[in-house]
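**Q** Residues annotated as transmembrane segment in TrEMBL: 6-22, 43-66, 86-113, 133-154, 174-195, 269-298, 325-349, 361-381, 401-424.
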Amino acid sequence: MLFQICFLLFAVLYIVSYFIITRYKRKSDDHEDEDAVVNRISLYLCTFTLAVSGGAVSLLPFSIISNEILLSFPQNYYIQWLNGSLIHGLWNLVSLFSNLCLFVLMPFAYFFLESEGFAGSKKGIKARILETFVMLFLLALLILGIVWVASALIDNDVASMESLYDLWEFYLPYLYSCISLMGGLLLLMCTPVGLSRMFTVMGQLLVKPTVSNHLDEVFTAFLKVESMEKSLLNSWSFAHQLNKELDNIRNQRNKLERRKKASGWEKNLLYPIVMLILLTGTTISVLLVALNILYLLVDETAMPKGSTDRAIGNTSLSTFGVAQAVLEIVLIFYLMVSSVVGFYSLRVFEGLTPRKDDTTMTTIIGCCVSILVLSSALPVMSRTLGITRFDLLGDFGRFNWLGNFYIVLSYNLLFAVVTTLCLVRKFTSAVREELLKALGLDKLQLSNSPTDPESGKLSANGHQKTL
């Protein structure tokens, strides 16, 4: 029964992941050659990795809601399949597949995609597979040596060094603990940026309230400029630059057309409601983190910890029952979406931003690895920040750094402070721009945000944003 349920859940995630990747993957010709086979194998491995990432994201929300359902209907016949063995099995499978994807499948997909076969050998799939396995073996030796040296520097103990010989019980969990710490730090960078960036993203997707009565004139002006740009395309020296400007003008024209077709409630009601929901979710997240900091200072049980108890549904971990459990689930998904938005908003990772029908397989592999690291660290981050009180199960609760009080406290403080600063910077940008203009410092571009594409551009309303 456990196998059938896990297989069904994973099949749904795999199908969804396949459609997501094929939506962004660069289209190739139908000619069946060696590169096409390699690309198809890499595509299947990336789909598997993205499905595992989806499972890691859904793991904690599914466990929370399952606990509340078992509390509400303890003797119901139709939910007997929902038990502690299933929950623990899912946590262990996600941990196992995360290790498999991160250390085996994704490196294999990348090396297989870049391989050509050793010099002097016969070209073909077999030669590329041989080169890939050799590269994987060398990479494994490199990682083994790095972890061995790191363990010797951090904990120079004979027992800890000998424990590294136990590959399955200690080495892989220790290595995954390091990756989880890196993922937690990456979430600490991406999530605050994403929480403030979400307002800009939703502002681009939704139609903003009307503040200008000259949309027709602006629309006509855009059409005139576009016709002028088309007439200048014969100039070869400026063709590339003019094409980029033409694309920007077309995007602005599409926004104006969409605005003209939008209904009244979408213009004046939907946008404020969505902005209010985002602000409420962000405020609640920061308040929960602040409360968790107080709990950490006065109560040692607030520390994140693992649990080996296979019983689920004995006690409620939410003070307000199902309502709080639903709120925790919504916040967990909101933090995950915000972390992904923040990840692609950072200048370092802008090159990994996928484009529809124009994303190479190498970029897709990088995106899948990044999302896997973020999603694997999401349950740990949610428990560390006090978003939920559900104890971590399986290998997720065996991470060494979770028991360090100073690391956990610093993580909470940094998250609260950085998120608050990002929101203050976001909502005071117009005031800062006006102050710089009043002081004559606007030419220095001190307030231009490199991650805000709306800076210095016309908005969907057809006017430039000012205070």
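Here the Cβ of each residue, glycine as well, is placed from N, Cα and C on the backbone.
So where do these features actually land, and what's packed around them?
**A** Here the transmembrane segment (269-298) has Cβ contacts under 8 Å with residues 195, 198-199, 202-203, 206-209, 327, 330-331, 334-335, 385-387, 405, 408-409, 412-413, 415-416, 419-420, 423 of the same chain, all six or more residues outside its ends.
Long-range Cβ contacts of the transmembrane segment (401-424) within its own chain (Cβ-Cβ under 8 Å, at least 6 residues beyond either end) map to 177, 181, 184, 188, 191-193, 195-196, 282, 285-286, 289-290, 292-293, 296-297, 303-306, 380, 384-386, 392.
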**Q** Between 43-66, 174-195, 361-381, who has the most Cβ pairs under 8 Å to the transmembrane segment (325-349)?
**A** 174-195
**Q** With a Cβ cut-off under 8 Å, give me the same-chain residues at least six positions beyond the ends of the transmembrane segment (43-66) that come close to it.
**A** 9-10, 13-14, 16-18, 20-22, 25, 82, 87, 90-91, 93-94, 97-98, 101, 105-106, 108-109, 312-313, 317-318, 325-326, 328-329, 332-333, 336, 361, 364-365, 368-369, 371-372, 374-376, 378-379, 382-383, 388, 390, 393
